[in-house]
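Contents: one structure, followed by commentary.
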Amino acid sequence: MAATTTTMMGMATTFVPKPQAPPMMAALPSNTGRSLFGLKTGSRGGRMTMAAYKVTLVTPTGNVEFQCPDDVYILDAAEEEGIDLPYSCRAGSCSSCAGKLKTGSLNQDDQSFLDDDQIDEGWVLTCAAYPVSDVTIETHKEEELTA
């Protein structure tokens, strides 16, 4: 490493070049075939894919079906499809959006209203439930849940 010294009337100043900082993050490979942050990369363009499941809602006016990603609440996905479902708090702390799970599996970890026994009986709050498989849910069940 080269240094330059300058003297002026008895004072000396030394200039040392600043070392180059290493790069903060190496580039990620485009497609390694391994999971990246829990998601798998695709074979074209390194796109990541997320699971989406078929949700069938049994409503008072008939059955409706739509696809719901595994990271979107069922109530939110239904609204995006133009399906009108009851709700109030949107936080899993009331029972306005209550339904009854008929088939499939859900993740309801974000809700705080239902107890474990109610979940085991199939009760679901659509505002705080993610699908983890294809599901069928009877909607508009608040009165039945709270009776």
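A Cβ is built for glycine as well, from the same backbone N, Cα and C atoms used for every other residue.
Checking the candidates CYS68, CYS127 against Swiss-Prot: the one annotated together with CYS89, CYS94, CYS97 at the [2Fe-2S] cluster site is CYS127. Within 10 Å of its Cβ, the residue among the binding-site residues CYS89, CYS94, CYS97, CYS127 with the fewest other Cβ atoms is CYS89.
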